[in-house]
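Asks: Here it is: the structure, laid out below.
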Amino acid sequence: MVSFTASLVAFATIMGVIAMPTEGLTEATVAKRSTPNGSGNNNGFYYQFWTDGAGGTATYTNKAAGEYSVTWQSISDMTSGKGWKSAQPRNITFTGNVKAQGNFYLAVYTWSQRGENYILENYGTYNPCSQGQKMGTITSDGSSYEICTVNRGNGYIQNWSIRQNKRSSGTVTTANHYNTYTAHGMTHNPLSEAAYQIVSTEGFGSSGSADITVSSP
(Lines of atoms letter the chains of each structure in order from A; the text may use other names.)
(Lines give C-alpha, C1' and ligand atoms only; values in the text may rest on other atoms or scores of the structure.)
Protein backbone atom coordinates (compact mmCIF):
# COMPACT_ATOMS: atom_id res chain seq x y z
CA MET A 1 0.00 0.00 0.00
CA VAL A 2 1.19 3.51 -0.75
CA SER A 3 0.97 6.07 2.06
CA PHE A 4 -1.66 8.74 1.56
CA THR A 5 -2.40 12.14 3.01
CA ALA A 6 -4.35 12.65 6.18
CA SER A 7 -6.68 15.24 4.68
CA LEU A 8 -10.27 14.22 4.11
CA VAL A 9 -13.13 16.08 2.48
CA ALA A 10 -15.35 17.21 5.34
CA PHE A 11 -18.58 15.68 4.15
CA ALA A 12 -17.02 12.19 4.01
CA THR A 13 -15.05 12.15 7.23
CA ILE A 14 -17.01 10.22 9.79
CA MET A 15 -20.38 8.68 9.05
CA GLY A 16 -21.24 9.69 5.52
CA VAL A 17 -22.01 7.04 2.97
CA ILE A 18 -21.56 7.85 -0.70
CA ALA A 19 -23.74 5.76 -2.98
CA MET A 20 -22.19 3.36 -5.43
CA PRO A 21 -22.54 4.35 -9.09
CA THR A 22 -25.42 3.20 -11.24
CA GLU A 23 -25.67 2.58 -14.94
CA GLY A 24 -25.77 5.64 -17.18
CA LEU A 25 -23.47 7.84 -15.08
CA THR A 26 -20.49 9.48 -16.72
CA GLU A 27 -16.94 8.56 -15.69
CA ALA A 28 -16.48 11.94 -14.00
CA THR A 29 -19.67 11.47 -11.99
CA VAL A 30 -18.65 7.98 -10.93
CA ALA A 31 -15.29 9.29 -9.68
CA LYS A 32 -17.08 11.79 -7.45
CA ARG A 33 -19.24 9.03 -5.92
CA SER A 34 -16.24 7.10 -4.53
CA THR A 35 -15.13 7.93 -0.96
CA PRO A 36 -12.06 10.24 -0.94
CA ASN A 37 -8.77 8.98 0.48
CA GLY A 38 -8.32 9.85 4.12
CA SER A 39 -7.36 8.99 7.68
CA GLY A 40 -8.11 10.20 11.18
CA ASN A 41 -9.77 9.36 14.47
CA ASN A 42 -13.29 7.98 14.86
CA ASN A 43 -14.98 6.87 18.09
CA GLY A 44 -11.67 6.20 19.83
CA PHE A 45 -10.03 4.37 16.91
CA TYR A 46 -7.69 5.38 14.12
CA TYR A 47 -8.85 4.69 10.56
CA GLN A 48 -7.34 4.68 7.09
CA PHE A 49 -8.92 4.55 3.65
CA TRP A 50 -7.01 4.65 0.36
CA THR A 51 -7.41 3.76 -3.30
CA ASP A 52 -4.82 4.07 -6.04
CA GLY A 53 -7.28 5.93 -8.28
CA ALA A 54 -6.50 3.65 -11.21
CA GLY A 55 -10.00 2.27 -11.67
CA GLY A 56 -13.17 1.13 -9.97
CA THR A 57 -15.08 2.60 -7.03
CA ALA A 58 -15.08 2.08 -3.28
CA THR A 59 -17.25 3.33 -0.42
CA TYR A 60 -15.92 3.37 3.15
CA THR A 61 -18.08 4.01 6.24
CA ASN A 62 -16.99 4.49 9.86
CA LYS A 63 -19.48 3.02 12.33
CA ALA A 64 -19.72 2.83 16.13
CA ALA A 65 -16.54 2.16 18.13
CA GLY A 66 -14.20 -0.12 16.14
CA GLU A 67 -16.65 -1.07 13.40
CA TYR A 68 -16.30 -0.12 9.75
CA SER A 69 -17.76 -1.25 6.44
CA VAL A 70 -16.45 -1.02 2.90
CA THR A 71 -17.76 -1.97 -0.51
CA TRP A 72 -15.77 -1.95 -3.73
CA GLN A 73 -16.50 -2.57 -7.38
CA SER A 74 -13.94 -3.45 -10.09
CA ILE A 75 -11.28 -1.77 -7.93
CA SER A 76 -7.64 -1.58 -8.98
CA ASP A 77 -6.32 -1.38 -5.39
CA MET A 78 -8.03 -0.30 -2.16
CA THR A 79 -7.17 -0.54 1.53
CA SER A 80 -9.34 0.34 4.51
CA GLY A 81 -9.50 -0.34 8.20
CA LYS A 82 -9.63 0.67 11.84
CA GLY A 83 -7.17 0.27 14.68
CA TRP A 84 -4.58 2.41 16.46
CA LYS A 85 -2.17 5.22 15.61
CA SER A 86 0.77 3.33 17.12
CA ALA A 87 1.70 -0.34 16.86
CA GLN A 88 1.79 -2.35 20.08
CA PRO A 89 2.04 -6.11 20.83
CA ARG A 90 -1.73 -6.16 21.24
CA ASN A 91 -4.06 -9.13 21.32
CA ILE A 92 -6.41 -7.87 18.61
CA THR A 93 -9.92 -9.26 18.28
CA PHE A 94 -11.85 -8.82 15.05
CA THR A 95 -15.32 -9.99 14.06
CA GLY A 96 -17.23 -9.70 10.82
CA ASN A 97 -17.41 -10.99 7.31
CA VAL A 98 -15.88 -10.44 3.90
CA LYS A 99 -17.58 -11.28 0.62
CA ALA A 100 -15.44 -10.82 -2.48
CA GLN A 101 -15.19 -11.89 -6.07
CA GLY A 102 -11.45 -12.02 -6.73
CA ASN A 103 -8.48 -10.97 -4.66
CA PHE A 104 -8.70 -9.50 -1.17
CA TYR A 105 -6.75 -9.44 2.10
CA LEU A 106 -8.08 -9.30 5.67
CA ALA A 107 -5.07 -8.67 7.90
CA VAL A 108 -3.60 -7.00 10.94
CA TYR A 109 -1.59 -4.45 9.01
CA THR A 110 1.16 -1.95 9.83
CA TRP A 111 2.83 0.55 7.54
CA SER A 112 6.16 2.37 7.79
CA GLN A 113 8.53 4.24 5.48
CA ARG A 114 10.68 1.10 5.28
CA GLY A 115 8.02 -1.52 4.72
CA GLU A 116 4.78 -3.22 5.66
CA ASN A 117 3.68 -6.07 7.92
CA TYR A 118 0.69 -8.29 7.17
CA ILE A 119 -0.70 -10.87 9.60
CA LEU A 120 -3.03 -12.29 6.97
CA GLU A 121 -6.15 -13.94 8.39
CA ASN A 122 -8.20 -14.34 5.22
CA TYR A 123 -7.55 -13.85 1.52
CA GLY A 124 -8.80 -14.72 -1.94
CA THR A 125 -6.92 -16.69 -4.57
CA TYR A 126 -3.46 -15.10 -4.39
CA ASN A 127 -0.94 -16.18 -1.72
CA PRO A 128 1.75 -13.46 -1.43
CA CYS A 129 4.35 -15.94 -0.13
CA SER A 130 4.22 -17.71 -3.50
CA GLN A 131 6.49 -14.90 -4.74
CA GLY A 132 8.38 -14.32 -1.48
CA GLN A 133 11.38 -15.60 0.44
CA LYS A 134 10.23 -18.32 2.82
CA MET A 135 11.24 -17.79 6.46
CA GLY A 136 9.55 -20.79 8.09
CA THR A 137 6.29 -21.23 9.97
CA ILE A 138 4.84 -20.49 13.40
CA THR A 139 1.77 -21.78 15.23
CA SER A 140 -0.41 -19.16 16.88
CA ASP A 141 -4.08 -18.69 17.75
CA GLY A 142 -5.10 -22.15 16.59
CA SER A 143 -3.39 -22.28 13.21
CA SER A 144 -0.08 -22.56 11.41
CA TYR A 145 1.17 -19.41 9.66
CA GLU A 146 3.62 -19.32 6.76
CA ILE A 147 6.25 -16.59 7.23
CA CYS A 148 7.91 -14.86 4.28
CA THR A 149 9.33 -11.58 3.03
CA VAL A 150 8.56 -9.89 -0.28
CA ASN A 151 10.89 -7.26 -1.76
CA ARG A 152 8.83 -4.54 -3.44
CA GLY A 153 11.93 -2.77 -4.77
CA ASN A 154 14.09 0.14 -3.62
CA GLY A 155 14.58 -1.50 -0.23
CA TYR A 156 10.86 -1.58 0.58
CA ILE A 157 10.13 -4.92 2.27
CA GLN A 158 6.89 -6.64 3.22
CA ASN A 159 6.79 -9.14 6.10
CA TRP A 160 3.98 -11.69 5.82
CA SER A 161 2.36 -14.17 8.21
CA ILE A 162 -0.24 -16.15 6.24
CA ARG A 163 -2.77 -18.17 8.20
CA GLN A 164 -3.43 -21.71 6.98
CA ASN A 165 -6.97 -21.91 8.39
CA LYS A 166 -8.59 -18.81 6.95
CA ARG A 167 -11.07 -16.89 9.10
CA SER A 168 -12.94 -13.59 9.27
CA SER A 169 -13.31 -13.48 13.07
CA GLY A 170 -10.91 -14.28 15.90
CA THR A 171 -8.06 -12.97 18.04
CA VAL A 172 -4.52 -12.30 16.81
CA THR A 173 -1.63 -12.44 19.29
CA THR A 174 0.52 -9.97 17.40
CA ALA A 175 3.57 -10.40 19.68
CA ASN A 176 4.02 -13.96 18.42
CA HIS A 177 4.46 -12.66 14.88
CA TYR A 178 6.53 -9.58 15.66
CA ASN A 179 8.90 -11.63 17.84
CA THR A 180 9.30 -14.13 14.99
CA TYR A 181 10.18 -11.36 12.54
CA THR A 182 12.86 -10.10 14.94
CA ALA A 183 14.24 -13.60 15.57
CA HIS A 184 14.64 -14.15 11.83
CA GLY A 185 16.34 -10.79 11.34
CA MET A 186 13.52 -9.56 9.14
CA THR A 187 13.78 -5.86 8.40
CA HIS A 188 11.85 -3.02 10.12
CA ASN A 189 10.32 -3.69 13.52
CA PRO A 190 6.66 -2.58 13.45
CA LEU A 191 6.68 -1.81 17.18
CA SER A 192 9.26 0.94 16.74
CA GLU A 193 8.68 2.08 13.16
CA ALA A 194 5.03 1.62 12.18
CA ALA A 195 2.89 4.71 11.63
CA TYR A 196 -0.28 2.82 12.58
CA GLN A 197 -1.74 -0.64 13.25
CA ILE A 198 -5.14 -1.56 11.81
CA VAL A 199 -7.29 -4.53 10.87
CA SER A 200 -7.31 -3.89 7.16
CA THR A 201 -9.56 -5.00 4.33
CA GLU A 202 -7.79 -4.69 0.99
CA GLY A 203 -9.26 -5.41 -2.43
CA PHE A 204 -7.34 -5.48 -5.69
CA GLY A 205 -8.59 -6.41 -9.12
CA SER A 206 -11.87 -7.43 -7.52
CA SER A 207 -15.32 -6.50 -6.23
CA GLY A 208 -16.69 -7.15 -2.78
CA SER A 209 -17.85 -5.94 0.61
CA ALA A 210 -16.81 -6.26 4.25
CA ASP A 211 -18.10 -5.30 7.68
CA ILE A 212 -15.47 -5.62 10.42
CA THR A 213 -15.38 -4.72 14.12
CA VAL A 214 -12.02 -4.30 15.86
CA SER A 215 -11.21 -4.35 19.59
CA SER A 216 -8.38 -4.98 22.03
CA PRO A 217 -8.32 -5.37 25.82
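Cβ atoms here come from the backbone N, Cα and C positions, even for glycine.
Curation plays no part in TrEMBL annotations; they are all automatic predictions.
Reproduced below are the annotations present in TrEMBL:
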type	residues	note
SIGNAL	1-19	signal peptide
DOMAIN	33-215	domain 'GH11'
ACT_SITE	Glu116	active site, nucleophile
ACT_SITE	Glu202	active site, proton donor
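I would like each feature placed in context: is it buried or exposed, what are its neighbours, and how far apart are things?
Replies: Classification of Glu116 (active site, nucleophile) by DSSP places it within a strand.
If you draw a 10 Å sphere around the CB of Glu202 (active site, proton donor), it holds 25 other CB atoms from the protein chains shown.
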Asks: If I take the alpha carbons of Glu202 (active site, proton donor) and Glu116 (active site, nucleophile), what is the distance between them in whole Å?
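Replies: Answer for this pair: 13 Å between alpha carbons.
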Asks: Please compute the mean pLDDT of the model over the domain 'GH11' (33-215).
Replies: 95
Asks: With every protein chain in view, how many other Cβ atoms are within 10 Å of the Cβ of Glu116 (active site, nucleophile)?
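Replies: Around Glu116 (active site, nucleophile), other Cβ atoms within 10 Å: 21.
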